Amino acid sequence: MSVSAFIRITRPHNAVVAGLTALIGYLIATGTLTPPSLLLAVIVALITAGGNVINDVRDVEIDRINRPDRPIPAGDISLAGARAYAAALFVGGIAIATLTTTLCLAIAIINSVILIVYAVRLKRTPVLGNVAVAYLAGSVFLFGGAFAGIEGLVRNLSLAAITFLATIARELLKDAEDVDGDAAGGARTLPMIVGVRKTGIFAFACACGAVAASLLPFGDWWGLFYLAGIAVVDLVILFGAFRGLSCTTPGCVRESNATSILRAGMFAALAVFAIAAVI
């Protein structure tokens with residue numbers, strides 16, 4: 001067992017970005033950053049890392065074929081060692097969360113449970129798996145806001161809702177892209193049940209919901225600059241979802257770049273919220 005393997009199995013880039021996102025959530029809720037708020041980044045990074053490790057534990061047989069270089073199939077970390085490591089990361093994140101607020105602690109515990117349930121059962125469950133991923137993405141902003149109390153959490157509801165709905169749209173379109181591979185792997189996704197076309201319609205409806213959520217005046221950032229900036233973001237999100245709306249085949253969805261456009265729209269929304277919060 002090497003130190004580098006224990007770092008690599010956490011997907012550190014993913015964990016660090018999640019941690020920084022929590023800080024941005026606090027910034028949006030309060031308009032500033034404080035030294036204690038750095039705890040948020042550490043907590044989210046640890047819990048995200050734990051989720052990534054438990055995912056590798058559950059996917060070990062698939063990784064033996066598709067990703068034999070991953071730490072567990074490569075023999076760099078044992079299954080027992082990975083399970084213990086994941087538990088330590090979750091416990092560490094929750095323990096640090098006790099130093100924050102009751103709201104933050106509750107979200108940390110709930111998200112840890114969802115990450116485990118997702119890896120064990122929801123990952124290959126149609127729609128519910130997509131909803132779990134979307135909730136986890138949006139809840140990071142609620143977690144950041146919750147460090148400022150219930151008022152901070154409420155201020156971040158719009159961004160959390162945008163992220164939740166846009167992520168569902170993107171996850172569904174990603175599933176539509178991967179129908180052939182998922183079928184070969186024995187997965188069961190929404191596009192495999194209702195077809196690519198109906199999945200695109202549902203994804204577009206979720207994108208419209210994200211646009212509606214962006215207009216909700218929950219924070220002090222709501223004003224002329226925000227409305228001008230979010231209008232552009234909304235167009236990007238709608239354009240991305242619309243690109244996938246007319247598709248009837250996985251190849252069409254891939255060629256539409258709908259998922260990439262939606263991801264760009266989500267990052268742009270985050271930038272608009274952050275800038276509006278500090279000006």
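Yeah, the Cβs are placed from backbone N, Cα and C, and that goes for glycine too.
The structure displayed is predicted, hence computed values, not measured ones.
Taken from Swiss-Prot, the feature transmembrane segment applies to 27-47, 90-110, 127-147, 199-219, 222-242, 259-279.
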Segment proximity, the transmembrane segment (222-242) to the transmembrane segment (27-47), 3 or more C-beta pairs under 8 Å:
no
Should anything in the same chain at least six residues away from the transmembrane segment (90-110) have a Cβ under 8 Å from its Cβ atoms, list it; otherwise answer none.
39-40, 42-47, 50, 116, 139, 142-143, 146-147, 149-150, 153
